[in-house]
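So that you can see what the record holds, here are the features copied from Swiss-Prot:
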BINDING   His88, Gly89, Gly90  Cu(2+) 3 binding site
COMPBIAS  55-107  compositional bias 'Gly residues'
DISULFID  Cys190-Cys225  disulfide bond
REGION    28-118  region 'Disordered'
REPEAT    71-78  repeat '3'
Amino acid sequence: MVKSHIGSWILVLFVAMWSDVGLCKKRPKPGGGWNTGGSRYPGQGSPGGNRYPSQGGGGWGQPHGGGWGQPHGGGWGQPHGGGWGQPHGGGWGQPHGGGGWGQGGTHGQWNKPSKPKTNMKHVAGAAAAGAVVGGLGGYMLGSAMSRPLIHFGNDYEDRYYRENMYRYPNQVYYRPVDQYSNQNNFVHDCVNITVKQHTVTTTTKGENFTETDIKMMERVVEQMCITQYQRESEAYYQRGASVILFSSPPVILLISFLIFLIVG
């Protein structure tokens, strides 16, 4: 008799879960598609100029007026004003100042830094959405993409792009889509950080970009950022649908009752 009841409840649970899945799939996805109403990004019509001006009072990517990537006015990649890669003002590779390289401020421990604790939640989030980039304020690096084939309206620029496209990035930097109100804001920020990071990194290697390069790079990165937004929106929607499914009161009630029957 108990087995008959268990079989009936399993059937009811199966039907309820599939009903909720169907409802979840009908929910609208966040964000719009490419070119769905509204103006495009500010300054796009000016040839040769930067179509993605920085926002706010500081320089590019400066929330509080520091240099590039400086949340509080330190050097590049310095959260609190230390040297490059120095979170708290110590020497390179010194988390809290003092000591020689790799000592972390303690004498007699040459080249034996303490092992950082691993936060499993951060690891899971990075695996789901991309690797978090250190020193870039929570930005993640997307997976490599094929550079899009773009026509710029004249033979010279089309030929120039085909000959130099390998110099432009094939990955973009971005933040989670739930931090933006729409696709335009996501793409604008994605283009700014990606072009700036690629330009700085390449310039340090002795290679410079012309205005034509910057113009083409922005177009290429824009298309890749749109693709990245669509991927992240789909993944965000699927994660939300799963949470809604298993947090539905009827499903919770049925699962609880089924467990009660099995245990009892």
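Including glycine, each Cβ sits where the backbone N, Cα and C put it.
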- Task: Let me know how many other Cβ atoms fall within 10 Å of the Cβ of Cys225 (disulfide bond).
- Result: 24
- Message: Give me the long-range Cβ neighbours of Cys190 (disulfide bond): same chain, 6+ apart, Cβ under 8 Å, in sequence order.
- Response: Val172, Tyr173, Tyr174, Val221, Cys225, Gln228, Tyr229
- Message: Quick check: in three-state DSSP terms, what is Cys190 (disulfide bond)?
- Response: helix
- Item | Mean predicted confidence [pLDDT] for the repeat '3' (71-78) | 45
